[in-house]
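Novice: Sharing a structure with you now.
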Amino acid sequence: MISTERMAAVDANAAALGVPRKQLMESSGNAVAREVRAVADPGAEVALLCGRGNNGGDAFVAARFLAAYDATVHLLGRPESIRTDIARENWAALGAAEIPAETVTDSADLSLGDPDVVVDAMLGTGATGALREPERTAARLANGSDATVVAVDVPSGIDADTGEPTGAESDPFVDADRVVTFHDEKPGLGALDAAVTVADIGIPAAAERFVGPGDLLALGRDPDSHKGENGEVLVVGGGPYTGAPSLAARAALRAGADLVRVACPETVAREVQGYSADLIVRGLPGDRLGPAHVDRVRELAAANDVVVLGPGLGDDDGARAFARELLAAYDGRAVVDADALRAVPEADTDAELVCTPHQGELVGMGGETASDPDERAALVRSFAADLGHTLLVKGAVDVVSDGDAVRLNRTGNPGMTVGGTGDVLAGAVGALAAVTDPFRAAAVGAHVNGLAGDAAAEAFGNGLAATDLPDRLPEAMRDE
Ligand SMILES: NC(=O)C1=CN([C@@H]2O[C@H](COP(=O)(O)OP(=O)(O)OC[C@H]3O[C@@H](n4cnc5c(N)ncnc54)[C@H](O)[C@@H]3O)[C@@H](O)[C@H]2O)[C@H](O)CC1
Ligand SMILES: [K+]
């Protein structure tokens with residue numbers, strides 16, 4: 001089962017893997033033609049009702065595979081209004097091949113004749129609201145005909161995610177006999193009174209298995225958003241290590257957070273502030289965080305969307321007790337890294353966590369690891385389920401799981417084993433967790449952190465430093 005949103009992501013990931021959408025359209029159209037062959041013998045009359053989006057494009061392709069049939073393409077709208085290059089190219093290919101095609105701009109001119117099969121390729125996953133003309137009339141004609149109605153991807157006027165009409169109850173939608181949907185079952189199709197076929201259109205499994213550029217889609221900011229709506233992040237750490245909270249905080253800013261605050265020992269505060277004037281720094285008494293600071297930090301945490309706990313904290317007893325007690329008292333969202341990780345299995349917390357251990361830290365938390373990648377992924381998944389939190393286990397291939405789904409990330413390079421890159425990752429995931437769910441935040445965070453590292457390696461080779469990464473995050477996060 002795959003949602004429309006996830007499908008769009010997987011589609012973009014496939015393109016990045018070298019399987020562009022036009023190729024997928026070719027496979028989709030082929031699958032539609034196969035379905036027509038299954039319901040009607042050669043020579044049968046086939047009317048293909050095509051919209052101006054890629055759903056229509058699938059049917060332009062199908063028409064090329066139906067040479068043995070009496071097939072006519074009806075384009076609903078003007079050829080100039082075809083919305084995508086790939087659909088337009090396939091439309092042009094019909095004309096060049098002299099395959100019968102007509103354009104319908106006025107619904108009064110639409111006549112289907114008496115076809116044996118109607119292919120509904122008017123609207124797919126791009127439909128919004130009630131069917132407009134001429135699709136509205138075309139849907140009524142299809143429903144009123146004696147033909148077998150084969151819908152492409154989803155019946156026009158039906159929401160693939162819910163199975164509900166995209167318009168009001170009184171608005172028409174295509175009442176399909178059969179649906180050929182692509183790649184995977186859609187959540188809404190099971191409720192329909194139609195036979196559903198899932199067609200493999202050649203999307204590689206890797207497009208779902210690995211994080212890719214598609215996972216970044218729809219993470220963009222709402223242009224009407226106000227300060228604070230894109231996330232407020234509190235980084236909690238510092239002590240024996242003074243640079244770590246700065247790196248995490250800087251990364252959170254560059255990954256898109258509106259406001260980034262740092263709670264750290266006062267001995268660390270000046271260095272953090274010196275690192276960036278963009279940060280709001282709260283220095284707490286002493287040179288280590290400990291149980292005495294829990295109440296104050298909890299208060300500060302309440303004003304933020306996400307806490308990033310751990311960078312530079314240290315592993316003395318006080319710091320460990322601090323992490324445990326803070327987690328017990330906190331019920332918001334947090335990214336937990338470094339020395340705070342060991343506190344997670346011990347702490348009785350209602351917080352929603354993304355834990356970012358490397359293999360060694362994973363074992364320190366009570367998890368297991370394996371050399372076989374599939375086995376390792378399965379172990380991460382079951383440990384995440386036991387913990388009830390999302391895990392991002394860092395490695396040459398990062399493994400992300402929320403205990404249910406698993407995603408792998410392949411970006412990054414050996415140069416990133418230098419100290420501090422984990423702090424950058426934690427900060428980036430923190431910023432992302434303020435605007436999306438923890439699993440996606442972890443997956444996307446790992447991906448863009450790796451891309452930033454790859455860009456840094458290109459500039460500095462083996463000399464790359466963690467401080468080179470944060471400013472490279474925005475470029476890594478561009479979703480076009
Ligand atoms: N990997 C994949 O998912 C693939 C999918 N394919 C097919 O592409 C469609 C989705 O295509 P898209 O261009 O995004 O959207 P549509 O074709 O559904 O329609 C877009 C177009 O229609 C207009 N419109 C929207 N709502 C209405 C309405 N209520 N009435 C009239 N017109 C409407 C609007 O202008 C939109 O821009 C997917 O379903 C698959 O069939 C690929 O071919 C293969 C890969
Ligand atoms: K359709």
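Quick reminder: no glycine exception, Cβ is built from N, Cα and C everywhere.
What TrEMBL says about a protein is an automatic prediction, not a curated fact.
I grabbed these lines from TrEMBL:
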BINDING   54-58, 124-130, Asp153, Ala244, Gly312, His358, Asp423  (6S)-NADPHX binding site
BINDING   Asn55, Asp120, Ser156  K(+) binding site
BINDING   Gly422  AMP binding site
DOMAIN    7-209  domain 'YjeF N-terminal'
DOMAIN    211-480  domain 'YjeF C-terminal'
Novice: For the binding-site residues Asn54, Asn55, Thr128, Ser156, work out the Cβ neighbour count at 10 Å and name the residue with the minimum.
Specialist: Thr128
Novice: Let's check the environment of Gly422 (AMP binding site): how many other CB atoms sit within 10 Å of its CB?
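Specialist: Its Cβ has 24 other Cβ atoms within 10 Å.
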Novice: Tell me, which binding-site residues from Gly57, Thr125, His358, Gly422 are within 10 Å of Ser156 (K(+) binding site) if we use the C-alpha atoms?
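Specialist: Correct set: Thr125.
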Novice: Using a 6 Å cut-off on Cβ distance, which of the binding-site residues Thr125, Thr128, His358 come close to any atom of ligand 1?
Specialist: Thr125, Thr128
Novice: With respect to ligand 2, which members of the binding-site residues Asn55, Asp120, Thr125, Ser156 satisfy a Cβ distance under 6 angstroms to one of its atoms?
Specialist: Asn55, Asp120, Ser156
Novice: Sequence gap of 6 or more, C-beta under 8 Å: which same-chain residues meet both conditions with respect to Asp153 ((6S)-NADPHX binding site)?
Specialist: Ser28, Asn55, Asp58, Gly124, Thr125, Ala160, Val179, Val180, Thr181, Phe182, Lys186
Novice: In sequence order, which residues at least six apart in the same chain have a CB under 8 Å from the CB of Asp120 (K(+) binding site)?
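Specialist: Residues satisfying the criterion: Leu49, Ala139, Ala142, Val149, Val150, Ala151, Val152, Pro155, Ser156, Val174, Ala176.
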Novice: How many neighbouring Cβ atoms, not counting its own, are there within 10 Å of the Cβ of Thr125 ((6S)-NADPHX binding site)?
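Specialist: By my count, 21.
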Novice: Whole-number Å distance between the CA of Thr128 ((6S)-NADPHX binding site) and the CA of Gly422 (AMP binding site)?
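Specialist: Counting only the Cα atoms, the answer is 42 Å.
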Novice: Could you say whether, by DSSP, Asn54 ((6S)-NADPHX binding site) belongs to a helix, a strand or a coil region?
Specialist: helix
Novice: From the centroid of the CB atoms of Asn55, Asp120, Ser156, the recorded K(+) site, which same-chain residues not already listed sit within 8 A by their CB, in sequence order?
Specialist: Leu49, Gly51, Gly56, Ala121, Met122, Leu123, Gly124, Glu135, Ala151, Val152, Asp153, Val154, Pro155, Val174
